[in-house]
There are 2 protein chains.
Amino acid sequence: MNPDICRERENATFNAESLTYILDGGPEKTRRRREIESLVVNDPDFQHEDLNFLSRSERYEAAVKKSAQMILKLREYGISDPEEIYFYKSVVHRGRSEPLDLHLGMFLPTLLNQATSEQQDRFFMPAWNLEIIGTYAQTEMGHGTHIRALETTSTYDPSTQEFVLNSPTVTSIKWWPGGLGKTANHAIVLAQLYTQGKCHGLHAFIVQTRCMKTHMPLPGVVVGDIGPKFGFDEVDNGFLKLENVRIPRTNMLMKYAQVQPDGTYVKPPSDKLTYGTMVFIRSMIVGESSRALSKACTIAIRYSAVRHQSEIRPGEPEPQILDYQTQQYKLFPLLATAYAFRFVGQYMSQTYHRITGDINQGDFSELPELHALSAGLKAFTTWVASAGIEVCRMACGGHGYSRCSSLPDIYVTFTPTCTYEGENTVMMLQTARYLVKSYRQASEGQRLSGIVSYLNESQSRVQPQPVSARPTVTNINDLASLVEAYKLRAAKLVELAAKSLQGEMQRSKSPEDAWNNTSIDLVRASDAHCHYVVVKLFTAKLSEVKDTAIHSVLSTLALLYALHGVSIHSGDFLQAGLLTVPQLSQISQRLKGLLSELRPNAVALVDAFDYRDEMLNSSLGRYDGNVYEHMFEWARKSPLNRTEVHESYHKYLKPLQSKL
Amino acid sequence: MNPDICRERENATFNAESLTYILDGGPEKTRRRREIESLVVNDPDFQHEDLNFLSRSERYEAAVKKSAQMILKLREYGISDPEEIYFYKSVVHRGRSEPLDLHLGMFLPTLLNQATSEQQDRFFMPAWNLEIIGTYAQTEMGHGTHIRALETTSTYDPSTQEFVLNSPTVTSIKWWPGGLGKTANHAIVLAQLYTQGKCHGLHAFIVQTRCMKTHMPLPGVVVGDIGPKFGFDEVDNGFLKLENVRIPRTNMLMKYAQVQPDGTYVKPPSDKLTYGTMVFIRSMIVGESSRALSKACTIAIRYSAVRHQSEIRPGEPEPQILDYQTQQYKLFPLLATAYAFRFVGQYMSQTYHRITGDINQGDFSELPELHALSAGLKAFTTWVASAGIEVCRMACGGHGYSRCSSLPDIYVTFTPTCTYEGENTVMMLQTARYLVKSYRQASEGQRLSGIVSYLNESQSRVQPQPVSARPTVTNINDLASLVEAYKLRAAKLVELAAKSLQGEMQRSKSPEDAWNNTSIDLVRASDAHCHYVVVKLFTAKLSEVKDTAIHSVLSTLALLYALHGVSIHSGDFLQAGLLTVPQLSQISQRLKGLLSELRPNAVALVDAFDYRDEMLNSSLGRYDGNVYEHMFEWARKSPLNRTEVHESYHKYLKPLQSKL
């Protein structure tokens, strides 16, 4: 064990293990999570070479092998609780996506939710036993988030009682679905349903893509891998071009909408049913933001405790780089953010589960707010985490750029969350739509409840007064007062956006043009709203923490999170009259103080995330701090070192020497 | 040609070709650049498969092959002007680094500058003819930017008149030098020189690492590749561990410092000689920031002109995504930044060449300012460009994540500039040191000249007055007034940092602790200084532009650049009393107006960067706009599609099905 990192742990003012329990939701949950992790990590069937040393084809193959093993072992161990399956799977693939993700996460659940019982009989058990390997083919080359405009067609032919599926344009080729390229033999295809000469919009169809015996593509099916990406090397994201592919009428998922044998279309009873799933997935992504950022912080902070560089005082030994104020200023606000997002993720998941019962009873009253919140928070947290991972990487200097740090891998695995499940800017605008609507309701005298209730107050509280005339309400040392300031900032920005929109309405050709011409303000308002929610939830979490030492360090983190946000957006707070100019200097001093307070606890705070070395797979982020030895060992095993002399020497360099 | 992108070009208000001439420095330079590009692009010897489809070993091999060809062809064509060699090389390797970079860019120049004539006789021609392939081994596992602390030792043994080189610790292993791993057979090794029992600090030694006949590592030399990285797949960044490796005394580079046969050490006459090279390289990086960002902007803006998505007005066709205000707000400030950095790069390079003559005459008077400026601007521009490339990538939605967009490649190739040639935060602090020193000189009544002369005024102009009492000086529609505002902001932040430092001096144990405890403020001051310089140089450039249409569009870009910066840092400007709260809303309105003004010229503005399709290698950024057809074609060629059925199906999936 590296002595520096030992000393860090000795100096912590709290017990990291107890904090881990809080993060997991109790000691029993921690125990079980570790038990599952050990099952995988100690299993010789899951051992393989470092993925960084493999070609993409080899990485795909290794992932297929592990996924196959995983299916067998889950059944062998009888692990069936979804959360436990999630743990197991994330250890097997170290948090990466894998070829069977959409089979397990979309194909099977969609069958359960949208297939008739006859269809379940036909498809579910074969899919459960992986004879049918499915994927979910929605996104096309030309359309992602805006799904209404998808172009794939499914035209009903009553003469044969079949649907005929087509990709009528290049842009209509299905593009991106995971597992579609090489793994799946079936796909649930989203297509525009045509029957009796009329289009009824998007519906889901089960299409067999490959032969069950030979795995060769079926006639009319052009299918393959979309090629290398920034990351996701394990996944065969695929394309699918359909050329007059016929499927039986009974392959349309018909639990809700139906096409009768003669071609008569029967509408579904409600369209809110898929709404809940979106909310659920976006809430999960908020949790992912925290996980990805906390991994990056673990690596960067442990490395900064071990790395010595340059000098603060001449003649003395080189300090740990964690002692540099600039390094603390890069990393500690991100550490605070990782904690904040963890608690927000917990809140989202709890709220979702709380109202799921209501949704199943047909009570959708709380769903719009949660839907709006999950959209905005998905965007807010993924943007911040994505940028934050890169700050962590660069805070490790050159070594962060090596794949042995694992930071490049964490980044490329995480950054697509900014785009998938709803592109972030579109998500921010969805939240804005809800905020503006709520603002208008409040203006019209309606009493709002829930998280937007602050807009009730905005009519009276946020007045356009000159800055100097406003009383200063914010106590920069008090979290409750800061929550209030974030709330009033959000109220102010929602008001500004709503008024700006109103102004545009008078100038623009249409309400839609007005919306577009206000969209910068609208995104800003959503951002402020989400920021308020995060500060509020982080603060609220503190009251649940009984351990006084942990309460103290988490309070420091929360204050750092809140004040750092104020200093980054100081213009907003000054503009809204929530801060005075002299307070800015106080904040800047206070921030430095908080960095110093956190310094002794930094390593323990990342230890509490409790990532095993096998999960981090990072030479820089090792628990024992033996960074350099491990880097050297790793490098010597890398493919270019398999021979002392690379063949290109004989092929190109030696012949060249004789020509010059 | 895609009709959307044609229409964009027709609607532009200026001639893109004329703007290209301005960017290149005249039509003759454009002509010659294009001529050189054609030489490479049309040369069958440089054709190869898409690098994205190759393994790392294959990419390294392809690069070695091209580099070897390049050396032959440069001689064949008689291209010897450094700028023309740079053009040629950047087309051959499409802007990527390559295995011979350090041989050409460091080994040969260092021989020229620091070798005695005897050494030049021995080493230069063999190196010129690539019998000797060299690299420059400075960075070690444990030390990068802080080179004084490098640990490799070179101990003189007078009995044999040899130096004995050693890597005494794990951290002393040379790590990162390009070409060191597999390509080079010699290295200039930076090591602590010990003679007659005394350490004389870092000196450069020529060490042979591999056998000239077999290319096998020599005894005592442990050399290899450091393993896969985020990017730089073509380069064998290497490690080198030296175990009692003996070299003749005459292999120390002795043009300046010397060790005589008896071991007597002779000091070099001056230590400022390497200073100029650093300034030069950092100035070049400023230009690289512009190039990388302008490539990313070209791809994202062309794609946004071709991509249609969602709806603004119901019932109408889907708009080009470039019509969304949020998309413009992401991309146009970055476009303005790419132009700004281009002009800053030109200024840096001109200034460097102007004062090189003075430097050669021993007149170093202008060097400190340029040194400070080049450090800060290197950090400022690389940080902004690095983050900006990712904004461009994400602005392309999912497809930006595919390697066919080329955006992942641009990012991973560029982002190391934030770390190498001086870690960015360290660079910012170097500039801050100069600023604080200048501020003190001004306080003591010295009259400053050059770019920091604004600090002369700061004593009288920037007063701590309440915001409301200050006259508002900034006219937000006037560039000259905005330059003044940036200047006063910089003055204010330098003053704040200097005073904060002074305050810390009274509290801290040492001046060094005080410096560390102020470093957040110091970086902020440097950042504001660099931002001022960029706005100032961009504005200054406008007066050179005679073409009125181009002058107009560049003025709009410059105003956008300046106002966007103000709105991002509005807290600073409010704090310094340079803006009033009502002005913030005006700025926000004005920014939207500027986005609309730029909209019709966006495509022409990126066309003017004049990147050939072969240079961009991006399906999304193609000049003809035929994005989707090309993506499909590219995907079908990718390695996973070489067979219809991947072998992992037979190895893992099929056997699994029988077990379930």
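The backbone N, Cα and C atoms fix where each Cβ goes, glycine too.
TrEMBL annotations: computationally assigned, not manually curated.
Cβ neighbour count for A:GLU421 (active site, proton acceptor) (all protein chains, 10 Å cutoff from its Cβ): 19. Summarising the annotation, TrEMBL assigns active site, proton acceptor to A:GLU421.
Its Cβ placed at the centre, A:GLY178 (FAD binding site) has 24 other Cβ atoms within 10 Å. Mapped onto three states, the DSSP output places A:GLY178 (FAD binding site) in coil. Under the heading FAD binding site, TrEMBL lists A:THR139, A:GLY178.
Positions annotated as domain 'Acyl-coenzyme A oxidase N-terminal' by TrEMBL: A:16-133. Counted with DSSP, the domain 'Acyl-coenzyme A oxidase N-terminal' (A:16-133) comes out as 89 helix, 0 strand, 29 coil.
Among the features that TrEMBL reports, domain 'Acyl-CoA oxidase C-alpha1' is placed at A:275-436.
Marked as domain 'Acyl-CoA oxidase C-terminal' by TrEMBL: A:478-656.
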Residues among the recorded positions A:THR139, A:GLY178, A:GLU421 lying close to chain B by Cβ (under 8 Å) are A:THR139
Rounded to the nearest angstrom, how far is the Cα of A:GLU421 (active site, proton acceptor) from the Cα of A:THR139 (FAD binding site)? 10
About how far apart, in whole Å, are the alpha carbons (Cα) of A:GLU421 (active site, proton acceptor) and A:GLY178 (FAD binding site)? 13
Using DSSP and collapsing to three states, where does A:THR139 (FAD binding site) fall: helix, strand or coil? coil
Other C-beta atoms that fall within 10 angstroms of the C-beta of A:THR139 (FAD binding site): 20
Across the whole of the domain 'Acyl-CoA oxidase C-terminal' (A:478-656), what does the mean pLDDT come to? Round it, please. 96
